[in-house]
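Feature annotations, courtesy of Swiss-Prot:
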type	residues	note
DOMAIN	1-141	domain 'Globin'
MOD_RES	3	phosphoserine
MOD_RES	7	N6-succinyllysine
MOD_RES	16	N6-succinyllysine
MOD_RES	16	N6-acetyllysine
MOD_RES	35	phosphoserine
MOD_RES	40	N6-succinyllysine
BINDING	58	O2 binding site
BINDING	87	heme b binding site
MOD_RES	102	phosphoserine
MOD_RES	108	phosphothreonine
MOD_RES	131	phosphoserine
MOD_RES	134	phosphothreonine
MOD_RES	137	phosphothreonine
MOD_RES	138	phosphoserine
């Protein structure tokens, strides 16, 4: 459960992300594909090369979804319901992949926002991404 302090930290960090959410999403996807090659199996139709339009496009979707989640931090299930349906019923993404992408997102944010990525912000973002992952996998059960 996200505390009021966690919510404040997440919103402040995401304000720093600003218009870079799509770029950071794409970078996190590239990190995930390089660090966890089995995740590539969900994207057989993508050119997974650095900077490819498909990875950039999906990175923008990831960034937009997270921006939406931050905006609706008090109602993540409502905000992410359609995305949860898509990943559970149509795409059938293995739930572990959300944890892998979350880790890569944290690394990406730490790399781009080093002075803002304090231990408290790190913990809050980790809890937030875990909450998002939980919502996205909630319909698998």
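We number each residue from 1, going along the chain as drawn.
Every residue gets a Cβ built from N, Cα and C, even glycine.
The structure, with features from Swiss-Prot marked on it.
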residue	record	DSSP (3 states)
16	N6-succinyllysine	helix
35	phosphoserine	helix
40	N6-succinyllysine	helix
58	O2 binding site	helix
87	heme b binding site	helix
102	phosphoserine	helix
108	phosphothreonine	helix
134	phosphothreonine	helix
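Distance from the CA of residue 137 (phosphothreonine) to the CA of residue 87 (heme b binding site) is 8 Å.
When secondary structure is read from DSSP and collapsed to three states, residue 7 (N6-succinyllysine) falls in the helix class. In sequence order, 73, 74, 124 are the residues near residue 7 (N6-succinyllysine), counting only same-chain partners six or more apart with C-beta under 8 A. Neighbour density for residue 87 (heme b binding site): within 10 A of its CB lie 21 other CB atoms from the protein chains shown. Here the CA atom of the residue listed as 'O2 binding site' lies 13 Å from the CA atom of residue 40 (N6-succinyllysine). Calculated from their C-alpha atoms, the gap between residue 131 (phosphoserine) and residue 16 (N6-succinyllysine) amounts to 21 Å.
If you take the Cα of residue 102 (phosphoserine) and the Cα of residue 3 (phosphoserine), they are about 19 angstrom apart, rounded to a whole number. The CA atom of residue 35 (phosphoserine) is located 13 Å away from the CA atom of residue 108 (phosphothreonine).
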